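Features as listed in TrEMBL:
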type     : residues                                               : note
ACT_SITE : Glu121                                                 : active site, proton acceptor
DOMAIN   : 127-379                                                : domain 'Radical SAM core'
BINDING  : Cys141, Cys145, Cys148                                 : [4Fe-4S] cluster binding site
BINDING  : Gly205, Glu206, Ser239, Ser262, Leu263, His264, Asn341 : S-adenosyl-L-methionine binding site
ACT_SITE : Cys384                                                 : active site, S-methylcysteine intermediate
Amino acid sequence: MSESTATPVEITTRPEPGRILLKAPRRGKPPKHLADFDLAGRKEFLTELGHPGFRASQLSTHYFDHLTTDPQRMTDLPAATREEMVAAAMPQLLTEVRTLEADGGDTIKSVYRLFDGALVESVLMRYEHRVTMCISSQAGCGMNCPFCATGQAGLTRNLSTAEIVEQVVAGARRLKSMQGLEQAEHGTEATRPLRVSNIVFMGMGEALANYKASLGAVHRLIDPSPEGLGISARGITMSTVGLVPGIRKFTMENLPVTLALSLHAPDDELRDELIPINTRWKVDEALDAAYDYYRQTGRRVSIEYALIRDINDQGWRADLLGKKLAQRGRGWVHVNPIPLNPTPGSKWTASRPGVEQNFVERLRAHGIPTTVRDTRGSDIDGACGQLAAAS
Ligand code: SF4
């Protein structure tokens with residue numbers, strides 16, 4: 001649906017402190033799209049639309065491999081039905097409303113309007129040897145973490161699998177067009193990678209609260225082309241704030257995907273306040289589930305820890321975290337302290353100089369590998385906890 005005909009959804013009201021929304025409000029569903037299904041499902045979908053099932057493979061090649069939805073370029077499809085087939089099987093799901101660049105063009109945030117007017121964001125980050133995309137799994141978030149801009153805006157709705165995948169396809173298309181530009185400018189092959197190699201589910205939303213669609217998206221991302229985008233599962237990070245039943249379910253999928261647990265506090269007293277879901281599943285339950293994830297998949301778990309001045313950055317908390325992680329075993333976990341990205345008008349702010357270093361050193365003294373995460377894009381509100389899709 002074009003921007004002008006979309007019916008804007010009402011703005012979700014700010015949730016009361018501590019109120020968690022595990023189930024997304026029911027709203028109209030986005031149109032079905034090829035990327036919602038695996039290959040067998042796509043054949044059925046095409047048949048339902050009145051086209052031969054085998055066209056699913058051809059359309060998949062165009063979408064996942066050539067990254068195109070332009071019927072004019074699909075010359076292997078019958079000219080008479082091409083336009084209508086593509087319109088029905090690959091409807092436009094995202095309309096770009098804004099793009100912001102930072103870090104000299106290496107960080108690009110895109111704001112998209114969905115079919116019903118809801119807004120979501122994704123961020124593309126180019127590094128020397130990889131390209132990472134941070135994608136959204138929900139419009140808003142129901143977890144209500146008080147320091148997070150997304151959480152403060154509440155949960156509008158779950159995204160469909162195709163709406164999640166489309167963010168990555170849009171990023172991949174952007175890189176492809178950059179490749180053309182860079183070659184035209186320098187007359188040589190690009191020296192840095194121009195394919196999306198890493199995906200983090202750290203944009204808007206709690207991905208495990210939208211389990212089915214997020215899992216479907218993981219499959220579309222890692223399935224080999226043309227069934228999917230063919231991104232290595234090792235390059236994918238599923239992020240959660242600690243939905244223990246979701247972690248346990250995801251463990252059973254046994255995919256070599258990295259799990260990132262946003263812990264932010266090692267003690268229940270503080271975590272109950274910072275991460276309201278902790279009132280349901282406590283620190284030790286979340287850590288046990290994360291440890292079992294490692295045991296099942298062999299993938300080292302990341303613990304995300306936003307350092308907030310005078311709230312969770314004390315040395316004794318670093319020691320408590322180090323102790324809790326070390327007592328579960330060696331080599332299973334890595335901690336990423338993240339300097340908090342201040343949100344406007346918020347009392348939560350980044351730790352004082354030196355405090356971060358002390359926190360890191362104390363964790364390392366417990367034998368825990370620790371790396372301060374870089375906060376790319378913080379000047380365009382494109383870092384974690386800042387994706388609120390203000391238009
Ligand atoms: S920190 Fe993550 S889980 Fe918490 S409200 Fe923000 S987006 Fe949701």
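The first residue you see is number 1, and the count goes up from there.
Each Cβ is built from the backbone N, Cα and C atoms, and glycine gets one as well.
Spanning the listed S-adenosyl-L-methionine site, residues Gly205, Glu206, Ser239, Ser262, Leu263, His264, Asn341 have a farthest Cα to Cα distance of 19 Å. Distance from the CA of His264 (S-adenosyl-L-methionine binding site) to the CA of Cys145 ([4Fe-4S] cluster binding site) is 11 Å. According to its DSSP assignment, Cys141 ([4Fe-4S] cluster binding site) is coil. In this structure the C-alpha atoms belonging to Gly205 (S-adenosyl-L-methionine binding site) and Cys148 ([4Fe-4S] cluster binding site) are separated by 11 Å. Checked against ligand 1, the recorded positions Glu121, Cys141, Ser239, Leu263, His264, Asn341 give Cys141 as the ones with a Cβ under 6 Å from it, listed in sequence order. Counting only residues at least six positions away in the same chain, the Cβ atoms of Ser137, Gln138, Cys141, Gly142, Met143, Thr240, Val241, Leu243 sit under 8 Å from the Cβ of Glu206 (S-adenosyl-L-methionine binding site). Cys145 ([4Fe-4S] cluster binding site) has a Cβ environment of 24 other Cβ atoms inside 10 Å. When averaged over the domain 'Radical SAM core' (127-379), pLDDT in the model lands at 92.
Annotation: Asn341 are the recorded positions among Glu121, Ser239, Ser262, Leu263, His264, Asn341 whose CA atoms are within 10 angstroms of the CA of Cys148 ([4Fe-4S] cluster binding site). The two recorded residues, His264 (S-adenosyl-L-methionine binding site) and the residue listed as 'active site, proton acceptor', show a Cα separation of 23 Å.
The C-beta environment of Leu263 (S-adenosyl-L-methionine binding site), restricted to residues of the same chain at least 6 apart in sequence and closer than 8 Å, consists of Gly242, Arg271, Val283, Ala286, Leu287, Ile303, Glu304, Tyr305, Leu321. Taking the binding-site residues Cys141, Cys148 in turn and counting surrounding C-beta atoms within 10 angstroms, the largest count is reached at Cys141. Counting other CB atoms no more than 10 Å from each candidate's CB, the binding-site residues Ser239, Ser262, Asn341 peak at Ser262. Around the Cβ of Glu121 (active site, proton acceptor), 25 further Cβ atoms fall within 10 Å across all displayed protein chains.
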